[in-house]
Amino acid sequence: MMRIGHGYDVHQLVAERKLILGGVDIPHTLGLLGHSDADVLLHAICDAILGALGEGDIGKHFPDTDPAYKGISSIKLLHEVMRLAETKGYRLGNLDATIIAQRPKLAPFIGNMRENIAEACGTDVSRINVKATTTEQLGFEGRGEGISSHAVVLLNKAAHSEER
């Protein structure tokens with residue numbers, strides 16, 4: 001059995017915060033505001049996986065009202081989400097994600113993002129695709145006010161597991 005999930009996240013860009021995308025610290029004058037490290041890419045991926053599992057969203061599993069998640073690395077959250085998928089008998093088939101940001105240019109960091117995501121998901125990097133685009137200066141991303149991300153995942157039921 002295969003299951004598909006879609007995730008979306010957005011965070012505001014602010015001064016005095018690190019810009020972390022796909023678990024990579026990106027040099028930039030602004031960073032993303034959030035309770036955790038505010039990694040919009042990994043948050044969208046977590047939501048996509050949770051959606052495919054029918055398990056709600058990242059806010060349900062890691063609420064921003066819980067001090068345990070204050071400043072937490074989103075790589076840790078992705079590990080936890082994948083652990084849940086595995087307990088339900090699912091493995092990642094493939095993942096396709098898009099980061100929407102006017103700046104900074106993200107192409108030099110995509111390879112490291114893919115490697116981080118593959119490691120967190122326990123899969124080969126060939127199953128992970130990450131791309132970045134701009135909005136041609138339109139909307140909040142185009143004005144440099146924030147960054148958003150979309151992710152789509154395909155989960156495959158492991159051959160030896162039963163539907164739970």
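Each Cβ is built from the backbone N, Cα and C atoms, and glycine gets one as well.
Of the residues proposed, His28, His35, His43, the one Swiss-Prot records at the same divalent metal cation site as Asp9, His11 is His43. Candidate binding-site residues: His11, His35, His43, Arg143. Fewest other C-beta atoms within 10 angstroms, Arg143.
Cβ neighbour count within 10 Å across all protein chains ranks Asp9 highest among the binding-site residues Asp9, Asp66. In this structure the C-alpha atoms belonging to Asp9 (4-CDP-2-C-methyl-D-erythritol 2-phosphate binding site) and His43 (divalent metal cation binding site) are separated by 6 Å.
Within 8 A of the CB centroid of the divalent metal cation site residues Asp9, His11, His43, the other residues of that chain are Val10, Leu32, Gly34, Ala38, Asp39, Val40, Leu41, Leu42, Ala44, Ser148, Ser149. Thr134 (site 'Transition state stabilizer') is 33 Å away from Asp66 (4-CDP-2-C-methyl-D-erythritol 2-phosphate binding site) when you measure Cα to Cα. Its Cβ taken as reference, Thr134 (site 'Transition state stabilizer') is surrounded by 15 other Cβ atoms within 10 Å in the chains shown.
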